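Engineer: Sequence annotations record features per position, and here TrEMBL assigns active site, nucleophile to D90. Residues annotated as substrate binding site in TrEMBL: Y145. For 1-12, the entry in TrEMBL reads compositional bias 'Basic and acidic residues'. If you look up TrEMBL, you'll see 183-285 marked as domain 'Pseudouridine synthase I TruA alpha/beta'. Among the features that TrEMBL reports, region 'Disordered' is placed at 1-25, 352-374.
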Amino acid sequence: ENGHQNKRLKSDADEEDAEDQNKKSPKRKIVLLMAYSGKGYHGMQRNVGSSQFKTIEDDLVSALVQSGCIPENHGEDMKKMSFQRCARTDKGVSAAGQIVSLKVRLIDDILEKINNHLPSHIRILGLKRVTGGFNSKNKCDARTYSYMLPTFAFAHKDHDVQEEVFRLDTETLERVNKLLGCYKGTHNFHNFTSQKGPRDPSAKRYIMEMYCGEPFVRENMEFAVIKVKGQSFMMHQIRKMIGLVIAIVKGYAAESIMERSWGEEKVDVPKAPGLGLVLEKVHFEKYNRRFGNDGLHEPLEWTEEEEKIAVFKEQYIYPTIINTEREEKSMANWLNTLPIHDFNSSAVEMQANNKNSKKSSDLEGSDGCGDDSD
C-alpha cells in the first residue's frame, strides 16, 4: 500500500510540476520567421495521413512537439494551435522569409530549442508576438518571390550557345525587363495556372513590381535573379510568367502573345522549372499600420534578422540551386521543350492537344508556388 501511495504522490507531484511549467509559460499567439531549402520536400503544407510525401511542416511540427512548445495532440490536429502558413510553397520551392502563425507555450530559449530539433536546412530565424486573432495568410497584403536562373536561358534560339561561357548583354537584359514590366498592374492570369476559367474573378491578380537584376557569375556559370511582388499568386503563376518571357526573348513567341494571354482565349504558356523559385518576403503593411506602434505589439518587420537571412541563402538556398542546375540541367532540359509549344494555335486546336497531355500531367505532383491555390 505504501508503495502504491508513494507512486501516486510522485505522479501527482509530476502533474503539478507540469502544470506549474504551463502556468509559467502560458499559450500565446506568435509568428515565426522561417527559412528553408525546399529540395527533396513535397512543399510546405502538411498532408496528414500521407507520410510518403515529406513536407517542411512535418519537420516543423515534430520540432515544436519535441521542444515542448506544443502538446503532442496539437501536432496531430494543427487547428488546435491555430496554425496558419503565409504562403503554400510547393514541391522543391525554397523560402528565405516564410511566416507561420500559431499558439505556443513561450518556453525559455524557445528558438534555440526548436532549431535543435530541426535539420540544418530548415531554420527559425525570428519570433514576434501578435494579436490573438492574427492569421498569417489573411493578414498578409503582399508577397515577394525571387527566381534565380542561368542567363543562357535568354540566349536567342538561333545562336549556338556554350552554357558556361554565355554572358548576358545589356540590350537583352533591357528587353527582358521591358517584358517583365508589362506584367505590372492587374491582369487576368487564367492562362498562367490550371483549373481557372477566363471569367473566374479570382484569376485577376495585381502585380506591384517585376524586374531582373544584374547578372553575376557563380562557379563559372552566369546567373540572374528575377524579383516579383504581388498581392498573391496562383499555383504555377510565377513560373509561367517567367516561362513566357523566356519564350519571347528566345524568339519562339511574338511579343503580342502577352496581351493575348490576358484575354479570354486559351494560350499555351510554358512553365519554367521550379528549382530557382524562392519565397523572399511576406508583407504586412496594413497590420503594421494598425498594431505595429500600439505599444503592445511589434511591427512585423525583420530588419534585425536580415543578416541571418542572407547567410542562410548563401549557405543553403543558392548552392542548392547552382549545384542542382549544374548536375541535373533542369533549365537546359526545359529549354529543349520550348519548340514543342504552339504559340500561334487557336484555342480549339490546343484543347485537342491538351486533352492527351493533361491526362499525364494530372498524375504529377504540383511544384509551383501557390499562396491560395485550392
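Quick reminder: no glycine exception, Cβ is built from N, Cα and C everywhere.
Heads up, TrEMBL stuff is auto-annotated, nobody curated it.
Map these features onto the structure and tell me what's around them.
Structural biologist: Every protein chain considered, the tally of other Cβ atoms within 10 Å of the Cβ of D90 (active site, nucleophile) stands at 25.
If you draw a 10 Å sphere around the CB of Y145 (substrate binding site), it holds 25 other CB atoms from the protein chains shown.
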